[in-house]
Structures are given as C-alpha cells and as structure tokens.
Amino acid sequence: MRICRSFLFLVKKCGNITPTIWRNQHTYKMATSASANLSKIVKKNYMELPQDGKVQAMYIWIDGTGEAVRCKTRTLDNEPKSIAELPEWNFDGSSTYQSEGSNSDMYLVPSAMFRDPFRRDPNKLVLCEVLKYNRKPAESNLRHSCQKIMSMIANEYPWFGMEQEYTLLGTDGHPFGWPSNCFPGPQGPYYCGVGADKAYGRDIVEAHYRACLYAGIELSGTNAEVMAAQWEYQVGPCEGIQMGDHLWISRFILHRVCEDFGIIASFDPKPIPGNWNGAGCHTNFSTKAMRDDGGLKYIEDSIEKLGKRHQYHIRAYDPKGGLDNARALTGHHETSNINEFSAGVANRGASIRIPRSVGQDKKGYFEDRRPSANCDPYAVTEALVRTCLLDESGDKPIEYNKN
C-alpha cells in the first residue's frame, strides 16, 4: 500500500487494528468517461433548436439482468397526454439478455410516463413493460405480477417509501474522491457531512434531485451516507404500483446524470469489502389501518407475519435471490444478520425498525431494512403485500391468476 502525503491513522476494523490512510485529494486523478469531455456548450446549441411540434419519447425498460435499464427514442407527431396515446414498440432481446437471436423481437408496452429532464418539455420518458414473442411477461418483467397483486388490495391504500443508497465510482471502479491505493479517513464525518473533505460528488446529487422533481418523481429528500462517496435519496410516499415506477425512473435519471458527469452510480450492496457500510434500499410500508389511530396493532401483526417468512423475503429482496445481500447483511454496519429475523423500536441493527415516533404515536409505518440497493422495487413491494395483507405463508408465492 502506497503511503499518501498525510497522516497515518490506526483504526479498529472488525476487532483488528488496521492501518487506514487519510485521503489526499491530489494523489489520484479520477477516471472518467471520454464522453464527459465533449463540449456541453456545443451540444446546447443543437438542443435549443425548435422541434416543430414533434415530440421525442424515450422508451425505458429493465433488461435481462433485472438490474440495468436500457432505452431508445422514437418521434411522435403530438405530445401524448396519457399512456393510452403511446404506441407499443419492439427491440432486439438477444442483445439485452432477454431472448435468443433466432426469435429476438420483444414488445415494449408503455406503462408509466414522465417529463424528460434532459430534453425538457414536451418530450417524455416512458417506462415500459417487456413482453416476449407470445406476449407473456419477460422473466425480468416483475411489474406485471406486482400490478395484479396491488389491484387485489387497493382498498387497503398501501403506501411505500424507499430509501435508495448508491456509491459514486470512477469508470475504473474506484470510489469517487478516494485516494489511489489507500483509503480515506474512517467512517464518521461523512454521514450528512458538509465540506470538500466530507462530501464527495454533491454536484451529481443536486443535479439528480432537480431532474427528478422536474420529471414528476415523488423524490422526498437526499443525504450523504456513512461511507465516503456514498449517497441516499428517498422516493415516496407512493401508493401501490407507483412505488416501483418512480424508483426505476429515478434510477434511470441518476445513471443519465452520472453519464453527463462521466462517472458511475453503483447500486452494489457491498461495493467496498471490509469495515465500510454497504448500500441498501430500506423500504417503509403502511396501510390506511396502520396510519389511523390504534394502527400500531396492525404494524405489530404484520411484523409477526414477516418473521415467519424471513427466507422468502430474503430471496425476493435482491436480484440474485439473496446472494448479493449475503455480502451486506452481516449484522454489522447498521444491518441485521441475513440468517436471523429481528424487530425493534429505533433499532437500525434489526430486520424491521419501528420508528420512535411511531412507537410513541401508536400509529404510522414500519421500515424493512433488508432490501438490497440493487433490489427490484416491484419484487419488494409485492412481497410485503403478499405476506402482510394477503396472509400468505410458506416459501413460495401463491399464483392467483395464470393470465
């Protein structure tokens, strides 16, 4: 390990004394994409040209990884006022891990529409479901089943809020602002930190925040997280299927903002091994009954149901069936142990946290702290509804309708 021109600190790491080097911002030149060096002023000249009534609609979908998003744009003759006015489209699924080359056409079915913060009005962002050649949902299309489940319990008025954590990286995978071949100072000053030595990449955070508000995303806040170059934003409250729609588009916008700045936003639940916090997507959940007076009883009933179905939720809470979360849910760094279920008031080391204010008011919501940063919000919200409201039990979800 190369020693930076600064101070050597000894910090305690998992019971062992491990040397950690204080960051030196001049040690390492961050690797950025070549596209970030292109002139944005030149581009602006073209983006200000009139569109003569035409509209650019960017169709966005989740690819076969269940984590990455893809997009392409088509021209519309008029500004669409609703999803019903948007045409279906298609794409080559063999290039997105979603089909074989011999039968590669797949359908894009518009499902949610937002304002486009990059091209601006009247242009649109269009979130799409993916259907296979036989018009059955693609394996990565978890929205389809989520919408069915949400429609079954609409009279419960389920609200969700998801806390999306992410880590900023250079194009070489090195954490943004970290010195080369060593570490920044130990965790402590970065959470909600202010200052050049504590907040790494705030320009990206602010740009993303404003872009989401412009698009119509229910983005309710943001903050720097515990690890240097790690951030969080919160989406919600959203009712039913809207939670997944808004979180996926917020992720797309974050990737596009980072693309402009030439760096990467990673949703890996444990991007840096060792004595560093991982990244999650803590999910807040409530129903009308929970929010009304005396709602704590319904919260406690739901937690009891969740405790009996822990492994089912662990599999639903990351795209690799729990393997990603196994790196993050260690029982350390404000996480629960992946193999154990726990709950408590104001306990950030539990599977389920009841906020202190909820315990005092005897109503409100609870926070499921198990979903990973790269979770599919459709899978997470569907699993919560199945267990808490449809009273499902066992290791597999019930199939209510095959159509």
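Glycine too: its Cβ is placed from the backbone N, Cα and C atoms.
Feature annotation from Swiss-Prot assigns transit peptide to 1-14.
As annotated by Swiss-Prot, domain 'GS beta-grasp' applies to 55-135, with the evidence given as sequence analysis.
Feature annotation from Swiss-Prot assigns domain 'GS catalytic' to 142-403; the stated evidence is sequence analysis.
The 10 Å shell around the Cβ of HIS282 (Mn(2+) 1 binding site) contains 20 further Cβ atoms across the protein chains shown. Residues or ranges marked as Mn(2+) 1 binding site by Swiss-Prot on the basis of similarity to another entry: GLU163, HIS282, GLU367.
Annotation note: GLU165 (Mn(2+) 2 binding site) sits in a strand segment as assigned by DSSP. Contacts of GLU165 (Mn(2+) 2 binding site) defined by a Cβ separation under 8 A and a same-chain sequence distance of 6+ are given as GLU225, GLN230, TRP231, GLU232, PHE267, ALA279, GLY280, CYS281, ALA373, in order along the sequence. Taken from Swiss-Prot, the feature Mn(2+) 2 binding site covers GLU165, GLU225, GLU232.
The domain 'GS beta-grasp' (55-135): residue composition by secondary structure is 9 helix, 39 strand, 33 coil, according to DSSP. Take the binding-site residues GLU163, GLU225, GLU232, GLU367: by the count of other Cβ atoms within 10 Å of each Cβ, the lowest one is GLU367. Highlighted in sequence order, GLU163, GLN164, TYR166, ASN223, ALA224, VAL226, GLN230, TRP231, TYR233, ALA279, GLY280 have their Cβ within 8 Å of the centre of the Cβ atoms of GLU165, GLU225, GLU232, the residues recorded for Mn(2+) 2, and are not part of that set. Taking the mean position of the Cβ atoms of GLU163, HIS282, GLU367 as the Mn(2+) 1 site, the remaining same-chain residues with a Cβ inside 8 Å of that point are GLY161, MET162, GLY280, CYS281, THR283, ASN284, ARG353, ASP368, ARG369.
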